[in-house]
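Q: Got a structure here, written out as structure tokens. Questions coming.
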Amino acid sequence: MVALSTLSGLSALPFLFSLVQNVYGVSLEVSTEKGNSSSPILYGFMFEDINHSGDGGIYGQLLRNNGLQGSKPGLTAWAAVGDATIAVDAQNPLTEAIPHSLKLDVKQGASGAVGFTNEGYWGVPVDGSEFLNTFWIKGNFSGDITVRLVGNNTGTEYGSTKISQSSNSSNFTKVLAKIPTKKAPDGAVLYELTVDGASVGGSSLNFGLFELFPQTYKSRSNGLKPQVAQPLADMKGSFLRFPGGNNLEGASEARRWKWNETIGPVENRPGRQGDWSYYNTDGLGLDEYFYWCEDMGLTPVLGVWAGFALESGGNTPITGDALKPYIDDVLNELEYVLGDASTKYGSLRASYGRKEPWKLTMVEIGNEDMLGGGCESYVERFTAFSDAIHAAYPDLTIIASTDQSSCLPSKLPEGAWVDYHNYNTADNLVKQFSQFDNKDRSVPYFIGEYSCQQDNAWPFMQGSVAEAVYMIGIERNSDVVKMAAYAPLLQLVNSTQWTPNLIAFTQNPSTVIETTSYYVQQMFSVNRGDTIHNVTSDSAFGPVYWVASSADDKYYVKLANYGADTQEITVTISGKTGGKLTVLADSDPKAFNSDTQTLVTPSESDMKATNGKFTFTLPAWSVGVLAAH
């Protein structure tokens, strides 16, 4: 991310909107001769934990502050129930990594249920699946523990279980329970754990590291939340860049994302202060990212820390001999990912349940090193990391974190890519339609982050059409632009640090906001060719823009109408007789989808061709995809 956005509304958008629309026409003829090859991994995802996109978002664990991690965790999200009090206890750590537990002090003479609740990440989404709950208990106890999922305002019970359990005051005991649930109508649900007050009056119990999971995406242990994962899977993306982004860098070298603290049992993961204002549990760790890639068929793009923190934080940039420990750390990480089970770190991975090495072909060195004082040292740092990685893993593709020549070696290593980020206004994205037409083809581009940023809390129709125009320009040049990702990807509506985002959600299990930009990304990603074809036209680009591709015997023509007038479109593709037309449109350029309204969704229609000619209307402010066969 380039900078923190605080923009929140659409009121300042300088739109001109006419109730009277003119009708114009564009005729296109698609060549069936073989054209330029198109990147097979052009569309994909950039992910970092921002807007609670990880914890509280796609990561399936539902309880907030569940491990009381960090130096001063407090009791955020927790509340006592009955004749009892709760406190953060540093005298009874669960593990070295989880140095606090939740102490339940029960009053002498207590009666009824005593315990505590957790409100989750502004609610607990109960989707009707069987939930898995684990926690640890320490203290002299023998009896029943009741766990419920209960409406915060209504008291309605959406799931419960009773656990017969004993524990002692010497060691923590792990407890596992399954909770059958019924779907809640909203996210206003609490997790509640209670015991009988009369049986523990005048004593205390300690609890540690609570986990609550619904049935996860692909039933993966410690996996993803289906509510958020499925819309991503529906996009049929090709790659995932992780773990960031700013959230890779940290505020200092000590607060960087440390791969080795995100692996293994979660009780051995300390978490870290993230770079977007909240603590990260790191339950979604290195292996979980690779499982995510595996389960969605995504090519992993692993970002590695490169001696530079945000705004030159801590002692960074780190150069010279001081870089060696960090280079070694990256090599250890790569051995963990790629080494067989006979290697030191490959055997560690195998001990955590993954015997086979992960599939990894691309590594990005750093993040946005052209910013915050990183440029001057990046030539040295990039070269040091690149040389070491290439020597150990010569088949890996290395990606530089910037395309700015002043920050890069005069000659990039053979096969290296550059990463370019572009947050811009709608009009400027359209002006950049031809940005890559004359780029040097010897240096492949990864557009690692882009989107329309224009005082908009939500993606809106004009901005999404502008993104489509930009994407058409990218696809026309997908021999040199190899990958491109909208950013940011995900947003929990209740806790947002950046707007707009591609997909938003609340803790209502039925509420996922698929934005206008989401639909554009989906339309372009699921309709992909491997060859770009020449198109002849009776008019120049603007306000209608287009690109044509094919795969096997199917042709795809993608169009964007960046204007307030209707366009009559004729597309001729020799030998094609039919197809499907998908259109996303709204005559109001300000139209947007949000948590309170869904105004814009794609429409589909079957198409018939006469002598290879398709005729259809492209409305004002619209994006269309013709899939012809």
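Every residue gets a Cβ built from N, Cα and C, even glycine.
Residues or ranges marked as signal peptide by Swiss-Prot on the basis of sequence analysis: 1-25. Per Swiss-Prot, N-linked glycosylation site is recorded for Asn36, Asn51, Asn140, Asn152, Asn168, Asn171, Asn260, Asn494, Asn534.
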Q: Could you measure between Asn51 (N-linked glycosylation site) and Asn168 (N-linked glycosylation site) for me? Cα positions, answer in whole angstrom.
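A: One finds 40 Å between the Cα atoms of these residues.
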Q: Validating a neighbour-count step here. Other CB atoms within 10 A of the CB of Asn171 (N-linked glycosylation site): how many?
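A: For Asn171 (N-linked glycosylation site), the 10 Å Cβ neighbour count is 8.
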Q: Sorry to bug you, but what's the C-alpha spacing from Asn140 (N-linked glycosylation site) to Asn168 (N-linked glycosylation site), rounded to the closest Å?
A: 4
Q: Compare the Cα of Asn494 (N-linked glycosylation site) against each of the glycosylation sites Asn36, Asn171, Asn534 and report the nearest.
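A: Nearest candidate: Asn171.
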Q: Nearest to Asn36 (N-linked glycosylation site) in three-dimensional space, by Cα, is which of the glycosylation sites Asn140, Asn152, Asn171?
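A: Nearest in space to Asn36 (N-linked glycosylation site), counting only the glycosylation sites, is Asn152.
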Q: Whole-number Å only: compute the distance from the Cα of Asn171 (N-linked glycosylation site) to the Cα of Asn140 (N-linked glycosylation site).
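A: That separation, Cα to Cα, works out to 10 Å.
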Q: Pop the Cα-Cα gap between Asn152 (N-linked glycosylation site) and Asn534 (N-linked glycosylation site) into the table, whole Å please.
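A: Asn534 (N-linked glycosylation site) and Asn152 (N-linked glycosylation site) have their Cα atoms 59 Å apart.
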Q: What is the separation, in Å, between the Cα atoms of Asn152 (N-linked glycosylation site) and Asn260 (N-linked glycosylation site)?
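A: Distance (Cα to Cα, whole Å): 38 Å.
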Q: Suppose we draw a 10 Å sphere around the Cβ of Asn494 (N-linked glycosylation site). How many other Cβ atoms does it contain, all chains included?
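A: 16, counting other Cβ atoms within 10 Å of Asn494 (N-linked glycosylation site).
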Q: Could you give the Cα-Cα distance between Asn260 (N-linked glycosylation site) and Asn140 (N-linked glycosylation site), in whole Å?
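A: Cα of Asn260 (N-linked glycosylation site) to Cα of Asn140 (N-linked glycosylation site) measures 35 Å after rounding.
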Q: Asn152 (N-linked glycosylation site) has how many other Cβ neighbours within 10 Å of its own Cβ?
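A: There are 16 of them.
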Q: Restricting to the chain of Asn140 (N-linked glycosylation site) and a gap of 6 or more, list residues whose Cβ falls under 8 Å of its Cβ, or answer none.
A: Ser167, Asn168, Ser169, Ser203
Q: Could you say which of the glycosylation sites Asn36, Asn51, Asn168, Asn260 has its Cβ with the most other Cβ atoms inside 10 Å?
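A: Ranked by Cβ atoms within 10 Å, first place goes to Asn51.
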Q: With DSSP assignments reduced to helix, strand and coil, which class does Asn140 (N-linked glycosylation site) get?
A: coil
Q: Need the DSSP three-state call for Asn168 (N-linked glycosylation site) to compare against my parser.
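A: Reduced to three states, the DSSP call for Asn168 (N-linked glycosylation site) is coil.
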